[in-house]
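Let me begin by presenting the structure, written as structure tokens, before commenting on it.
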Amino acid sequence: MGSLFPLSLLFFLAAAYPGVGSALGRRTKRAQSPKGSPLAPSGTSVPFWVRMSPEFVAVQPGKSVQLNCSNSCPQPQNSSLRTPLRQGKTLRGPGWVSYQLLDVRAWSSLAHCLVTCAGKTRWATSRITAYKPPHSVILEPPVLKGRKYTLRCHVTQVFPVGYLVVTLRHGSRVIYSESLERFTGLDLANVTLTYEFAAGPRDFWQPVICHARLNLDGLVVRNSSAPITLMLAWSPAPTALASGSIAALVGILLTVGAAYLCKCLAMKSQA
């Protein structure tokens, strides 16, 4: 009879205060959890990171690339690579996957590594650029027309042309520079740049050099021509002009000399 009173009191409290009964139920369930810790909800995500290495890589057309995707997920559910490039061998290890990309020819492509952990998906990205440095940079001998020199520079077998910058340098200063970003072709190309340069007296005997530069999102590839010195002797016009001036000067001197000689002879004959 003594134990019946507390039991009746418990039922009375549960009926009067429903929260007490639910709290007791939750306390009982927690006590039944393993190791005495509350059970994690099924929708809880595990914090983790995903990284790609290298994040940027540049190769010559037709070469292969190796990309490494690492993550901090203790038990990844899935790991995959999304890219328009053709994939080769795939190697896997604890916390990493290595992907091989074959025959890279597109000038710029993206590769996304996706990792799913506890129902949540994260990703990282690498950019792959294909390029071909200029095979040669050739500066033709300047041609003088009137008072201007025509400079012509040839850049051969370069890709992608849209990222090429051609610069003409005379001595220590840049006399012309052009970016070819308007060209969007996907093949190797030859580029010719023509520029007219009005040279003054101080510009002679100084070298002219043609520089070609590819700017590939962090990678810079350069090539240059052999220097060529501006000289008056390259143009027949200045030579002819100089010869005519010398001949005229000689003629004047001969005339003056002959007149002076005749005057001297006349003075002697009078004496």
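Including glycine, each Cβ sits where the backbone N, Cα and C put it.
Taken from Swiss-Prot, the feature signal peptide applies to 1-22.
According to Swiss-Prot, the topological domain 'Extracellular' annotation covers 23-240, on the basis of sequence analysis.
Feature annotation from Swiss-Prot assigns domain 'Ig-like C2-type 1' to 62-124.
According to Swiss-Prot, the N-linked glycosylation site annotation covers N68 (among others), on the basis of sequence analysis. In the shown protein chains, 16 other C-beta atoms lie within 10 A of the C-beta of N68 (N-linked glycosylation site).
DSSP classifies C69 (disulfide bond) as strand under the three-state reduction. Marked as disulfide bond by Swiss-Prot on the basis of similarity to another entry: C69-C113 (among others).
Residues or ranges marked as disulfide bond in Swiss-Prot: C69-C117 (among others). In the three-state DSSP reading, C117 (disulfide bond) counts as strand. In this view, C117 (disulfide bond) is surrounded by 22 other Cβ atoms within 10 Å of its Cβ, with every protein chain counted.
The annotation disulfide bond is assigned in Swiss-Prot to C73-C117 (among others) on the grounds of similarity to another entry. Using a 10 Å radius centred on the Cβ of C73 (disulfide bond) and all shown protein chains, the other Cβ atoms total 19.
Annotated N-linked glycosylation site per Swiss-Prot: N78 (among others), in sequence order, evidence recorded as sequence analysis. For N78 (N-linked glycosylation site), applying a Cβ distance below 8 Å and a minimum sequence separation of six or more within one chain yields L114, V115, T116.
Sequence annotations record features per position, and here Swiss-Prot assigns domain 'Ig-like C2-type 2' to 146-217. Note on the domain 'Ig-like C2-type 2' (146-217): mean pLDDT across this stretch is 87.
Residues near C153 (disulfide bond) in space but far in sequence (CB under 8 A, at least 6 apart, same chain), listed by position: V137, I138, L139, E140, V166, L168, T192, L193, T194, C210, S225. What Swiss-Prot lists as disulfide bond is C153-C210 (among others).
Annotation comment: Swiss-Prot describes N190 (among others) as N-linked glycosylation site, evidence class sequence analysis. According to DSSP, N190 (N-linked glycosylation site) sits within a strand segment.
Same-chain residues at least 6 positions away in sequence with a Cβ under 8 Å from that of N223 (N-linked glycosylation site) are, in sequence order, P133, P134, S136, V137, V155, H211, A212. The annotation N-linked glycosylation site is assigned in Swiss-Prot to N223 (among others).
What Swiss-Prot lists as transmembrane segment is 241-261, and the listing cites sequence analysis.
Annotation source Swiss-Prot lists topological domain 'Cytoplasmic' at 262-271.
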Nearest of the recorded positions (C113, C117, N190) to C73 (disulfide bond), judged by Cα-Cα distance: C117
Rounded Cα-Cα span from N190 (N-linked glycosylation site) to C117 (disulfide bond), Å: 50
Rounded Cα-Cα span from N190 (N-linked glycosylation site) to N68 (N-linked glycosylation site), Å: 36
